[in-house]
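Visitor: As annotated in TrEMBL:
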BINDING   9-16, 22-23, Arg61, 88-91, Lys99, 115-116, 159-160  substrate binding site
ACT_SITE  His10  active site, tele-phosphohistidine intermediate
ACT_SITE  Glu88  active site, proton donor/acceptor
SITE      His158  site 'Transition state stabilizer'
Amino acid sequence: MSGTLILVRHGQSEWNLKNLFTGWRNPNLTEQGESEARATGKALKAQNFAPDLFYTSALRRAQHTLDLILEEMGILNVTITRNTALNERDYGDLSGLNKDDAREKWGEEQVHIWRRSFDVPPPGGESLKDTAARTLPYYEAEILPQLKAGKIVLIAAHGNSLRALVMAIEGLTPDEILAREIATGEPTVYKIGPDGKLVERVKL
Ligand SMILES: O=C(O)[C@H](O)COP(=O)(O)O
């Protein structure tokens, strides 16, 4: 029996709206971000998903997103596992800077490399490869066994920690994952087989 993995990026945060590098900083959701989370909750409920297990990061924008999704799905009083392994990539010295100001200061190309290369970290921060080095072992140890047992797992996390999972699950190359963007509030759903391998990506 296949398991189901539901990945959701947090809704728009106050720093997404201000176009600031966020990383491990901890802003709230905006009203739009809350609406995005609720809309995803409604969509998952409409598809009759009944998740068994719930995970999120140590950052409030993802935690609040999960809470709003569960509220919309009418799922109450469940255990939610929070872990820094699911945190956004750490943007290091760029955290708190405006992304356009950073482009002015260091150039479009350098900022693109810091944001979307696989193994070049921003100053004092994590590359996607560094992020995967903490997110994937957690997924493999804590979440994949549940999926192999046929459970439905809902994870609310961040653009780059989710891209690390997507890259591994879909078997994407470093070049292929660079082009992959996950919008705020966007769900990605997979069927995972008893062997832990991807069966199919589920269209919502
Ligand atoms: O942490 C951030 O700044 C954003 O949530 C993700 O930023 P990115 O899309 O520039 O990697």
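Even glycines carry a Cβ here, placed using N, Cα and C.
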Visitor: Given the recorded positions Trp15, Lys99, His158, Gly159, tell me which ones have a C-alpha lying within 10 Å of the C-alpha of Glu88 (active site, proton donor/acceptor).
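Guide: Of Trp15, Lys99, His158, Gly159, within range: His158, Gly159.
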Visitor: Please report the three-state DSSP label of Arg9 (substrate binding site).
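Guide: DSSP call for Arg9 (substrate binding site): strand.
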Visitor: Can you check which residues sit near Lys99 (substrate binding site), meaning Cβ under 8 Å from its Cβ, same chain, 6 or more apart in sequence, and list them in order?
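Guide: Listed in sequence order: Asn19, Leu20, Phe21, Val111.
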Visitor: Can you give me the same-chain residues 6 or more apart in sequence from Arg89 (substrate binding site) with a CB-CB distance under 8 Å?
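Guide: Result: Gly23, Gly125, Glu126, Ser127, Leu128, Asp130, Thr131, His158, Asn160, Ser161.
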Visitor: Including all protein chains shown, what's the count of other C-beta atoms within 10 A of the C-beta of His158 (site 'Transition state stabilizer')?
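Guide: Cβ-Cβ neighbours of His158 (site 'Transition state stabilizer') within 10 Å number 28.
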Visitor: Those recorded positions, Gln12, Gly23, Glu88: which ones have a Cβ sitting under 6 Å from ligand 1?
Guide: Gly23, Glu88
